Amino acid sequence: IHSFCINNAKVAVLGASGGIGQPLSLLLKNSPLVGELSLFDIAHTPGVAADLSHIETRARVTGYMGPDQLNDALKGCDVVVIPAGVPRKPGMTRDDLFNTNATIVATLADACARNCPEAMICIIANPVSTPVPVMWFEIVMKKYGVYNPNRVFGVTTLDIVRANAFVAELKGLDPARVNVPVIGGHAGKTIIPLISQATPKVEFPADQLSALTARIQDAGTEVVKAKAGAGSATLSMAYAGARFTFSILDAMNGKEGVVECAYVRSEETECKYFSTPLLLGKQGIEKNLGLGKLSAFEEKLVAEAIGELKGSIKKGEDFVANMK
């Protein structure tokens, strides 16, 4: 049962017209936790907002379009969800993508710092695989003196959702009851599913465990291949983004024991940013629950991931330093 203090939460979706943004906005509109849904994008937002506003749920929907309406979209928001950023197009290098999206994120961070400095920030922006979006928010919000590391999250929930689905499938379990923590980063080898900490407890022979881990790490590619050039994971990502947002809203409402993994400013390893299970509360992160007890196989995965994560953090810092 939710208390009514924030049961009227105002939630903004930045990038609401995109492949993730539209289904994400639909899921948020469907939730009794959301009182007001503020949709922003650089194109098509009035149409998306009009369409969603006909749905018979209580969330009031408003659409904002273009840079000059960004401030209005953010005013008074409790939670900001950011599926903004462009997907990689043919002929575009990862660096091109990186530069374009980092610039978009910097602009959005600036607007959030000015208009809703207290909001919970949930970043789905491409590439979450690097710490850049989370890092940008830290740098920009510090500039305005409003940075709170307990309120800025890189959303890695899709990795957990996939791990739960794949484990449930292999073991014939109800996926809704399976919970596999996934730590580290959000790309390839930095994605570390902690199968040894799964509930209910599951065990796999070494070769099957190794194949399952690889499948969770490469699941994005699985979708890209299946879509045969027509896009990447948008629907499952929208579901994961909504799940994380609902957990944040539940915690803000005073629900006890809400735990989600997310990529945050961290002291848990030698990486400045690292995803681990977090106990969420009214003020955001209540407690970082850390890595927990790892199996020997998982310890090896963590050791391999840390080098790669440090590299991407360094790349992000260099990029930020050059852009100032």
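Positions of Cβ are set from backbone N, Cα and C atoms, glycine also.
Per TrEMBL, the features are:
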type     : residues                                                                                       : note
DOMAIN   : 10-154                                                                                         : domain 'Lactate/malate dehydrogenase N-terminal'
BINDING  : Gly15, Ala16, Ser17, Gly18, Gly19, Ile20, Gly21, Asp41, Asn101, Ile124, Ala125, Asn126, Met237 : NAD(+) binding site
BINDING  : Arg88, Arg94, Asn126, Arg162                                                                   : substrate binding site
DOMAIN   : 156-320                                                                                        : domain 'Lactate/malate dehydrogenase C-terminal'
ACT_SITE : His186                                                                                         : active site, proton acceptor
**OP:** Kindly state the mean pLDDT of the domain 'Lactate/malate dehydrogenase C-terminal' (156-320) in the predicted structure.
**Re:** 95
Original post:
Within the chain of Ser17 (NAD(+) binding site), which residues six or more apart in sequence place their C-beta under 8 angstroms from its C-beta?
Top reply: Leu39, Asp41, Ile42, Ala43, His44, Thr45, Gly47, Val48
Original post:
Near the Cβ of Ala125 (NAD(+) binding site), how many other Cβ atoms are there if near means within 10 Å?
Top reply: 25
**OP:** Would you kindly give the Cα-Cα distance separating His186 (active site, proton acceptor) and Gly15 (NAD(+) binding site), rounded to the nearest Å?
**Re:** 20
Subject >> Fewest Cβ neighbours within 10 Å, where candidates are the recorded positions Gly21, Arg94, His186, Met237 >> reply: Arg94
Original post:
Roughly how many angstrom lie between the C-alpha atoms of Arg162 (substrate binding site) and Gly19 (NAD(+) binding site)?
Top reply: 19
Subject >> Lowest local Cβ density (other Cβ within 10 Å) among binding-site residues: Gly15, Gly19 >> reply: Gly19
**OP:** For Arg94 (substrate binding site), identify the closest of the recorded positions Gly19, Gly21, Asn101, Ala125, His186, judging by Cα separation.
**Re:** Asn101
Original post:
Cα of the residue listed as 'active site, proton acceptor' to Cα of Gly21 (NAD(+) binding site): how many Å, rounded?
Top reply: 19
